[in-house]
């Protein structure tokens, strides 16, 4: 998250080709395979040119061949957890999955990409310096928790360093500035490292992924079916998952029930095949909320299918709704409820997605059991969450985040200020600020999210908000005419960051303060550079042509 206080247009002469590449796109989402996510520490400015020339000559002199075996040491982590390694006496960068800082290992070059290469780890020679036991049995394969065997403190240091380097090198905020430490705040750790996600999306598939040591096993028919997470690098293979330590225990209870029953031949259920585009079951999406009266968890189960056949899902719906903890539980009979995991399923939905794509959002939605929403509380407000609503996945840390947003916004509290909430989703941020603002104007492209925002405002008795459906990537010169000039802009874009049209609008708008909330530090840093230092003439021409 960044607070951006000022704007100015400028013209730049680019001297670095990689910077030109970064800045010549309006929706660049940095990949974890991009070595530009890590930068050398040129703290000694007098030696910069010499170091640069020496490194270049060594890098050019060394160029590994595919399948070449090398001894490497991981120096740092890139965005998304790839280990950044360098060959001894060379500046050539190699990226390796499952390599962690301080680890020495043998690796085989698997892919070359111009100025860097990717490596597959073959053998660890000495472990990394912050080694811990990964509690999840799937951690080595899944890809969702690549650094689970790295201590949480070390993970925090790595993430903070990644953001710092991006802010300096891409965002162009100099760490030599005496005010930099006031700008770059320390990372805020989360008190809860497991069972924090309120939403998990699992996929059904016809091809179960197996580790190398089990590839000799032949799986036929239902044995080859899987429900779980996509194996890294495969769009068609599913790592079967019986329990995920990221989601709540009640959600794991639901997952276990589905796993125990969905492959029963008598049910006649089939997973969707991404190759033949046949089959029925596509995704299982589990969301966890809270009952506002009992404060106990409530679950939404969303089956995403290729067609609407409720009779096919009926056996699974009955199994889920018959879980002992779901029906007939007298909570008052238990003294220590903290020791019990109640599965309070209040909603079973069916999203129908007839397209061949891999999305879990359906064209049609049906309620198979209970109600169509679950509830959650943030900053003293109650939010109704539907199957396809966006909601911060870490509820515990969302409380911390939204408090920081309020602090950064710095509303006076006299109901005199206008807030523009861009990418507002279900209105969570705007509604938490509304109590101190004169009016909040929110914009969001997803129609269901806008409907949820209206419902949430009404639910909390908030009348000074306006939520509008609109694509912020396609704004025109009339966009700013639909609301008064804001005193504060909140922007919470998705991973690609903000479109150049929106950035140019904000530069022209010159709002006193922008609070930028980001899930991708790379595109956030890029947008900070644009907003703080202006847009280059060549980019402006390229976007508008």
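Every residue, even glycine, has its Cβ placed from backbone N, Cα and C.
For the ranges 19-38, 39-58, the feature annotated in TrEMBL as region 'Disordered' maps to 39-58.
Within 10 Å of the C-beta of residue 519 (active site, nucleophile) there are 13 other C-beta atoms, taking all protein chains into account. Separating the Cα atoms of residue 492 (S-adenosyl-L-methionine binding site) and residue 519 (active site, nucleophile) is a whole-number distance of 8 Å. Distance noted between the C-alpha atoms of residue 444 (S-adenosyl-L-methionine binding site) and residue 519 (active site, nucleophile) is 17 Å. Surrounding the centroid of the Cβ atoms of 392, 423, 444, 492, where the record places S-adenosyl-L-methionine, the chain contributes additional residues within 8 Å, namely 390, 421, 422, 424, 425, 428, 429, 493, 517.
Whole-number maximum of the Cα to Cα distances across the S-adenosyl-L-methionine-binding residues 392, 423, 444, 492: 15 angstrom. Using a 10 Å Cβ-Cβ cutoff, residue 392 (S-adenosyl-L-methionine binding site) registers 22 neighbours.
Here the C-alpha separation of residue 423 (S-adenosyl-L-methionine binding site) and residue 519 (active site, nucleophile) works out to 13 Å.
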